[in-house]
Amino acid sequence: MHTNTPTTSSIIRPVFSDALRAKLDTSGPRYTSYPTADRFNERFGPLQYSQALQHRVIGTDIGKRAPFSVYLHIPFCESLCYYCACNKIITKHHERAMPYLDALETELDMHVRALGRGQPVSQIHFGGGTPTFLSDAELERLMASLRHAFSITSDAEISIEVDPRTANRERLASLQAMGFNRLSFGVQDFDETVQKAVHRIQSYESVRDLMEGARELGYTSINMDLIYGLPFQTAESFATTLERVRALRPDRIALYAYAHLPTRFKPQRRISEDDLPSAPTRLTLLQSAINGFLDEGYVYIGMDHFALPDDTLAKARQAGRLQRNFQGYSTHPDCDIIALGVSAIGRIGPTYSQNVKTLDEYYARISQRQFAIERGLKLTRDDLIRRAVIMELMCQGRLDYELTSCHLGINPQYYFATELSELDAFEEHGLLERTPQGIQVTPTGWFFIRAIAMTFDYHIRASGRLASFSRIV
Ligand code: SF4
């Protein structure tokens, strides 16, 4: 089966006809995991997590396991962005970081005791919240603890989300000295009116300075997060933002759709629905961003990600090695994730788990040296089969019957007979092609990949529940 990776020379722009626009008007999971986190339950707790770690140790002994990925959640932020849907604590009291660091180190030590010291780690990500809420000394302390606990591979990706309002060139140099080699800047939009409406003011000049500083320091992978669908965004204002982004030329761009769910996320109540762009304007914003990035030579990775052709993400996409995890698309092989900190989500073998969501609960559990798992899931055989198929679609845009049969020991045409019969509408709209060998998602179909993947989601099929997910566009 041919691959469908867009290259700069074979860029095909998605065309959103009226029929497609109507079809895009739906919600769906982002599939950073399958089953999605709303399926986790409290029957999976600290005991089940310990057992999963023990099974992991058996796998390590026989030398079959890939290195770990480690995620650290730093929940503190100095001020509230009104669009925020993250688990965070707004505070200007930086002394609150100290007990949190103590707890993180205890949680780390509990993992060392369960797994043994020196387990290989090839990926570390600091997310939040605002990881750069921590001082250089605090970040350094955490990095030292990680190095003491694990054996970090020489080519490890060590990344951090940087709030431009909390960083300057000196800070970037300190981060580099600590071992960070990837940065992600939260930008969202450069327009002042939009920034005021979402309560996140940061000038273009300050971000430009940081980008220039990062490049001078030799950071090779710089990501920029943008959001479309924010209050007061117009085609003209967003065009100016996009022009500025293109001038800064980050290696990667994540372009997220703002999901206005004020009943679920309290900060969003400060955003008036009347100020949000209409559905047709949202689509215009999306389309102009896609076209602009493709014109600049970016490769469309999938979902909401773009990367320059020589970035490792674009190369992984081209080579069919793309993966998807809780941080989005990744170049790393399907690996287990140790998640540390309040609300963090991890993955060990055929299990997912999430820590408790409040600081009080987190401290209470960790002070008892009990894993802070609040809920999780042990995947069934069917979950594992569907996860492989959904990730194949999300990452490679295809389903190859023969490969699937070899890897999963099933006949996909038989196992998924119902699901496959429901793909007619996608085919009619030109979103995928079916051959006797399998399914191939078309360039336009990539923008609907969540909807296509949803066809194979048992839990959505069984419950029909979509309300809790964000809009596809
Ligand atoms: S968007 Fe980021 S920086 Fe803003 S409040 Fe949420 S977690 Fe904090």
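Any Cβ shown, glycine's included, is placed from N, Cα and C.
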**Fill in**
From candidates Tyr71, Tyr219, Tyr401, TrEMBL puts in the same S-adenosyl-L-methionine 1 site as Gly128, Glu161, Ile345 the residue Tyr71
**Prompt:** What does TrEMBL list, out of Gln119, Gln176, Gln188, as binding the same S-adenosyl-L-methionine 2 as Tyr83, Cys84, Ala85, Gly129, Thr130, Arg200, Asp225, Ala259?
**Reply:** Gln188
**Complete:** Sequence-ordered, the binding-site residues among Cys77, Cys81, Cys84 whose CA is within 10 A of the CA of Thr130 (S-adenosyl-L-methionine 2 binding site) come to Cys77
**Prompt:** Of the binding-site residues Cys77, Tyr83, Glu161, Ala259, which ones put their CB under 6 Å from ligand 1?
**Reply:** Cys77
**Complete:** Ile345 (S-adenosyl-L-methionine 1 binding site) -> DSSP, reduced to three states, gives strand
**Message:** Just to verify a number: CA distance, Glu161 (S-adenosyl-L-methionine 1 binding site) to Ala85 (S-adenosyl-L-methionine 2 binding site), in angstrom, no decimals.
**Reply:** 16
**Fill in**
Between the C-alpha atoms of Cys84 ([4Fe-4S] cluster binding site) and Ile345 (S-adenosyl-L-methionine 1 binding site), the distance in angstrom, to the nearest integer, is 18
**Complete:** Cβ density check for Gly128 (S-adenosyl-L-methionine 1 binding site), other Cβ within 10 Å (all protein chains) comes to 23
**Cβ-Cβ neighbours of Cys84 ([4Fe-4S] cluster binding site) (radius 10 Å)** = 18
